[in-house]
Amino acid sequence: MEFIPAQTYYNRRYQPRPWTQRPTIQVIRPKPRRRRPAGQLAQLISAVSRLALRTVPQKPRRTRKIKKQKQVKQEQQSTRNQKKKAPKQKQTQKKKRPGRRERMCMKIENDCIFEVKHEGKVTGYACLVGDKVMKPAHVKGTIDNADLAKLAFKRSSKYDLECAQIPVHMKSDASKFTHEKPEGYYNWHHGAVQYSGGRFTIPTGAGKPGDSGRPIFDNKGRVVAIVLGGANEGTRTALSVVTWNKDIVTKITPEGSVEWSLALPVMCLLANTTFPCSQPPCAPCCYEKKPEETLRMLEDNVMQPGYYQLLDSALACSQHRQRRNARENFNVYKVTRPYLAHCPDCGEGHSCHSPIALERIRSEATDGTLKIQVSLQIGIKTADSHDWTKLRYMDSHTPVDADRSGLFVRTSAPCTITGTMGHFILARCPKGETLTVGFVDSRRISHTCMHPFHHEPPLIGREKFHSRPQHGKELPCSTYVHTTAATTEEIEVHMPPDTPDYTLMTQQAGNVKITVDGQTVRYKCKCDGSNEGLITTDKVINNCKVDQCHTAVTNHKKWQYNSPLTPRNSEQGDRKGKIHIPFPLVNTTCRVPKARNPTVTYGKNRVTLLLYPDHPTLLSYRAMGRIPDYHEEWITSKKEISITVPAEGLEVTWGNNDPYKYWPQLSTNGTAHGHPHEIILYYYELYPTTTIAVLAAASIVVASLVGLSLGMCICARRRCITPYELTPGATIPFLLGILCCVKTAKAASYYEAATYLWNEQQPLFWLQLLIPLSAAIVVCNCLKLLPCCCKTLTFLAVMSIGARTVSAYEHATVIPNTVGVPYKTLVSRPGYSPMVLEMELQSVTLEPTLFLDYITCEYKTITPSPYVKCCGTAECKAKNLPDYNCKVFTGVYPFMWGGAYCFCDAENTQLSEAHVEKSESCKTEFASAYRAHTASVSAKLRVFYQGNNITVSAYANGDHAVTVKDAKFVIGPLSSAWSPFDNKIVVYKGEVYNMDYPPFGAGRPGQFGDIQSRTPDSKDVYANTQLILQRPAAGAIHVPYSQAPSGFKYWLKEKGASLQHTAPFGCQIATNPVRAVNCAVGNIPVSIDIPDAAFTRVTDAPSVTDMSCEVASCTHSSDFGGAAVIKYTASKKGKCAVHSLTNAVTIREPNVDVEGTAQLQIAFSTALASAEFKVQICSTQVHCSATCHPPKDHIVNYPSPHTTLGVQDISTTAMSWVQKITGGVGLVVAIAALILIIVLCVSFSRH
């Protein structure tokens, strides 16, 4: 809140006044102000009187001709004056009168802005806004006002702003500010500013460095923004500003913005005297005049911030302004030269000193382009002039030109050269294990150099294609941009060493003659004492032999690359220079192909994909539940794959296409409202395990009951026929024989049996007569009681729970954390009509709190030119460099192309150095290691409230309240404190990986984190690459070493799939900032505070009566596949809320209009085969019963909008069949039990 000025109104004086120290209020005299209107009136009266008495001048045409003739005479008199006056006329034409907007801004600025000066130069401005003085933080200097310069400013790096409280006596000069910014045109010092699409733009050229801090005003003179800088976008320039949005400060920074503070002069040093780097002293002031002294001056200032300004100034000797072109980019190469260096394989299997030695091969670009550094120079001729068609190479001691057309690069096949400049070549090459560069010189001789190098073009995307398609998808990648302009990348150069050349010496009798050939030669002879020196003319050394002398050519007028294949200049030591190099690595987009869409066949809980890859294409899929079960496979030919679709959904990614998402539906071949075998098939396909278990248990129970019934019948039969079997000559009655299946010799008639029982056993006669009647009574009672049991079973199966209601305006509910599925809640309040609230999650974002431990990337090994100490011993010095190694090797005898480098045989030593730095690619190709802490959850919620759909965003923490019209919603916290991110994560190019990386300062060679830095631009670097210097080979000058491979590049190959593809619950992972979006896990509680005015009293709402519900059609587990028609009678016209009191049924309409006697149709969605639900309209409820059929589609591409209760539904038809089967089995058991009871009673009565 420090950067939001308080709004105070003060009357402004219209006449501007100079900025001086303000006197106290008592000193200001108001008398001149009271007299000012009278003076103005007198001036107005006199001006009107002069205008009235003024006469029209006569013959105006003649006077104009006279003026014209005078001009012609003046032109004819002096042609020199005419030439001098012409530029003055142009200057007067450029000087335009300020427009209305500029005049108004200048008038306001005279009071409210102050210059910020540094060493007498204006670097920017400070502005008085409200009760604060504001100044851009990047503007260096002090405010040009004694009172304001003393203030203590508070700094905000986030907004690039500094502010302080305005002194009391200056508050009247401050401008008001506003957060109201309708699109249109605003005013600033240089004219109009257009505000559109949340951006401020001006015509290109209207603003410049030094304008930082200027305010932008509206037409009322209020400040709407403060300018910080701008970004050139062609004809328009987008402004970087600080502005206000209600109670928040906002910084708008277009891409590519540059700060508009006036650059301060950078100072350089020469002989303990400082001077501006852009204006070097006259001695030396130009490389062309004094090359050696100029290079020395540059080496002295190589670490100064203005080194490149000094280099440009020293090379641009001409004082007049030159037109910039591509040649200026090559101007720096006139201070350098090509060189000869050692090559391990010059094309015939042997080493040599090659003019096209390979220094470095860079392959960081993900588009497969190689950047090759060689010892020759391309695009520069020997005369230091620019020529695209030429290259220059070192032949002996002098550079020689050759045609660029003879340059070639190859791996396993010829490469395509896409760019060349200086020491660098850009080429696109096929895969191979070696790389060869070469050229044909002017004598038609081919020079080549081959290095072992494993090259395989990297994979972009998920398809291994060979050529860029015409149409496809743009993916982020990196490439070497084809520009020869100065970049941030640089190489080190130094003075070349003395090059030995024994051909300069000839033996003449007993003397040695040294022929210099116009060169500077250093010689040393061991004959008749020490004889050494530096000569530019031929010299004869008497009484000496060639074997006793050593000659070397010295050239200190040019730099050469600091190569490990050439020795360091022994006199210069560590002195060096720097030059920019072309073709920087930048982030861009690459077009990749999109695989043909697969042929998709839907099955029951399965999806079958028929794939047609044009080239190897990656197929991956994951479940969107708790266990993602991620799989991936490279498809190289036509293939059919069948994948199971879980209930939570399936995400399939084919090639570079966007992911396909599938959800299963409760489809089946049977029906829940058919015959038993169809019902069994229906439930078996939906719930196979449960169906088998239920059928097995039911079969066991039925079999047990039937067996029990048979046992009771057998027991009763035995009891009945035993007395007749034991009685000789007894005759079994006819009816008993039929019931007990007993064979009789003579069957008695029913009349005879009845007569016998009447005479002998009258109780048995009555019992036998009541058996059919008892059976009928038992069956009727069983059928009567079965529905009661079935209602209990149905309740347990369906578990339909009514919606929660409250008796107050404070309402709480819980919605599932599923995006795109609407949820409704009913708010009932006594005395008021019920209110329906519909809520739908648009998105849910889980954002962890991150702490950056470090970034890691590919390293480069810096091996400076070795220092060879001839006839002596070199010593290592400690240096604070990452992974620094230094070793001194004795007994070396290095050779250069002209002979032995040293005069001694065995007393020479070589000092080899090496250390590690971040590669140039680290600015674009790096991975960030973060520690993740507590995550914050925010939700975007669509609320249907009072007939309006309103979308709000809030933190789901249970504390943050958002207002929807006049109601307050508090969301969260989530029921599950779950996050897809581990405690340690790695972010690389928009992808996130869970990884237990090593801490800062504990990296291991060849693994992730072998080189670490706080940020991509920071200088603090930790490295552990197992760098070990090795002894150089005999005769060669080089710096061999052993080192572990880059852990970053190894991690890129082995990192696997990112969280975007493997996160559970269907999370979508995004970066900038790192977050997980739409994770379908847990529930979100919502607390709603609804004011009394939002409710409608029962007396004001229509009364609905005579309601009836009829379901026209119903398809369960489908997107609102049910349609119900409700007939009603309303007391008056009005609007009623519609709500389902059953959680298993969701109604699409939140409210309906009712009037008179009519009917309305509602759409509902349910997962039940037999839906029994209540619909409430206003305060009246109606019961609906639906017989739903399964959907025809097995798979859909959207989640179900209904609530899944997690239990199996039993249809009414299935329940009726269960009742029938249960009743039949129960009847059989009851009859068998009754028979057994009667038989037992009769047999016990006999005894």
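Yeah, the Cβs are placed from backbone N, Cα and C, and that goes for glycine too.
For the residues N587, N669, Swiss-Prot attaches the annotation N-linked glycosylation site to N587, which does not rule out the feature elsewhere. Of the listed cysteines (C317, C346), only C346 is recorded by Swiss-Prot as the disulfide partner of C352. Per Swiss-Prot, the stretch carrying the note region 'Interaction with the capsid protein' among 235-239, 525-529, 715-719, 1055-1059 is 715-719. Closest to N272 (N-linked glycosylation site) by Cα-Cα distance, out of the glycosylation sites N587, N949, N1078, is N587. Helix first, then strand, then coil: DSSP counts for the region 'Dimerization of the capsid protein' (182-192) stand at 0 helix, 7 strand, 4 coil. Looking at N587 (N-linked glycosylation site) and N1078 (N-linked glycosylation site), their Cα atoms lie 29 Å from each other. Looking only at the region 'Ribosome-binding' (98-112), the predicted model's pLDDT averages out at 65. In terms of DSSP helix, strand and coil, the region 'Dimerization of the capsid protein' (218-222) has 0 helix, 0 strand, 5 coil.
Taking a C-beta cut-off of under 8 angstroms and a sequence separation of 6 or more, N949 (N-linked glycosylation site) has the following same-chain neighbours: R942, V943. Against the region 'Dimerization of the capsid protein' (182-192), stretch 218-222 has more CB pairs under 8 A than any other of 154-159, 218-222, 715-719. For the recorded site, N949 (N-linked glycosylation site), the DSSP three-state label reads strand.
DSSP labels the residues of the region 'Interaction with spike glycoprotein E2' (154-159) in these numbers: 0 helix, 3 strand, 3 coil.
Note: the region 'Interaction with the capsid protein' (715-719) comprises 5 helix, 0 strand, 0 coil (DSSP; helix = H, G, I, strand = E, B).
Put plainly, the glycosylation sites N272, N587, N1078 were compared by Cβ crowding within 10 Å, and the winner is N1078.
Residue counts for the region 'E1 fusion peptide loop' (892-909) under DSSP, split into helix (H, G, I), strand (E, B) and coil, are 0 helix, 5 strand, 13 coil.
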